[in-house]
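J.: Okay, these came from TrEMBL:
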- 7-25: transmembrane segment (TRANSMEM)
- 37-61: transmembrane segment (TRANSMEM)
- 82-101: transmembrane segment (TRANSMEM)
- 107-132: transmembrane segment (TRANSMEM)
- 139-159: transmembrane segment (TRANSMEM)
- 171-192: transmembrane segment (TRANSMEM)
- 204-228: transmembrane segment (TRANSMEM)
- 248-267: transmembrane segment (TRANSMEM)
- 279-300: transmembrane segment (TRANSMEM)
- 306-325: transmembrane segment (TRANSMEM)
Amino acid sequence: MKMKTVLVIINCIILAIGNCGGPLMTRLYFRNGGKRIWFSSFLQTSGCPIILLPLLFSFLTRHRQQQEQEEPKTTLFLIKPPLFLASVVVGLLIGFDNYLYAYGLAYLPVSTSSLIISSQLAFTAFFAFFMVKQRFTPFTINAVVLLTLGAGSLALHADGDKLPKETRKEYIVGFVMTVAAAVLYAFVLPLVELAYKKASQRISYTLVLEMQLVLCFVATCFCLVGMLADGDFKELGREAREFKLGGSKHYCLVVAFTAVIWQGFFLGSIGMIFCASSLVSGVLISALLPLTEVLAVLFFKEKFQAEKGVSLFLSLWGFVSYFYGKIQSEKEKKKTQEAELSQLPATESFA
């Protein structure tokens, strides 16, 4: 099996765990008495020190190989200033996106939030077209339209989907914040791909991990400033003691698992951009959302009204349309290549 195929499989698994588990863990926090939005935003990227483990393994491997080949001293990090600065910018955007998403999830059921986020693919396709010249097909356009309609259908019947003790105003604000989070992250994905293309150095998976570490660290610091400004540190102790799921001990477990699982989402999505493209990463994120909805209904007993069914149907239709278009596109590409090869002049061989 090729190394790139292995990386694709690993990143798909990591992305699936993070994409499905992250929203459920965040909702579990809010559902059991958690109220600090900046703290919830902070948790989404604070698990980034985990990346140091594979980076240490990569460094030791490179160091051993260079010693065997008697090459100069091994550099600790591969990332150069231009890519480092790009990672800082992306990190700030992700930090703000974390806040928007956490704010929305504080007032929306996971199933509703996931359906809204499915519209992210439409925005990713739009930004990818202008930023990295992503090629559009009729199937891609169809998928974009269907996913947009699917998310939009949820806005028609907001009253039947509010959480207990939630006002209509809070629901609408949560809805708008979640849409804004989808749009911003849809912009971030092609931006990362553009950074890869414009980089003045070869992009390796180790470099991808380094970028992930930088942008998550910056996003975490951004949210940390928000926590300080909002007085979260004064409230966390009381919040832990009053946590409905089982007090401080279970609160710490929820916090730790939330940080680790969310890191899988960011690592998987950035990794898939390296292995394929920003649009493929966006498609996989959207394709996993129906599973997140089902899990939310099973674990949190969330309502699944008719409009959610319509939205889910449109979303799945959009995914099928996109993947069918990709298959057809690959077939056409293969036929074109075969036709070009058949037109090449035959070479004569001499004994």
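Quick reminder: no glycine exception, Cβ is built from N, Cα and C everywhere.
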J.: Among 7-25, 82-101, 248-267, 306-325, which stretch has the highest count of C-beta pairs below 8 Å with the transmembrane segment (171-192)?
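T.: Looking at each of 7-25, 82-101, 248-267, 306-325 in turn, the most contacts to the transmembrane segment (171-192) are made by 82-101.
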J.: Look over the recorded stretches 7-25, 82-101, 204-228, 306-325 and say which has the most C-beta pairs under 8 A to the transmembrane segment (279-300).
T.: 7-25
J.: Grab the same-chain neighbours of the transmembrane segment (7-25) for me: Cβ-Cβ under 8 Å, and only residues 6 or more beyond its ends, written as numbers and ranges.
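T.: Beyond its ends, the transmembrane segment (7-25) has Cβ neighbours at 44, 105, 110, 113-114, 205, 254, 257-258, 261-269, 271-272, 274-276, 281, 284-285, 288-289, 291-292, 295-296, 299-300.
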J.: Would you say the transmembrane segment (204-228) and the transmembrane segment (82-101) are touching, if the rule is that at least three C-beta pairs must lie under 8 angstroms and be 6 or more residues apart?
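T.: Between the transmembrane segment (82-101) and the transmembrane segment (204-228), contact is present.
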J.: At a threshold of under 8 Å on Cβ distances, which of 37-61, 107-132, 204-228, 306-325 pairs most often with the transmembrane segment (248-267)?
T.: 37-61
J.: Can you tell me which parts of the same chain pack against the transmembrane segment (37-61), counting only residues 6+ beyond its ends and a CB-CB cutoff under 8 A?
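T.: Distal contacts: 22, 26, 29-30, 74, 76, 94-95, 98-99, 101-103, 105-106, 206, 209-210, 212-213, 216-217, 219-220, 223-224, 226-227, 229-230, 232, 236, 255, 258-263, 266-267.
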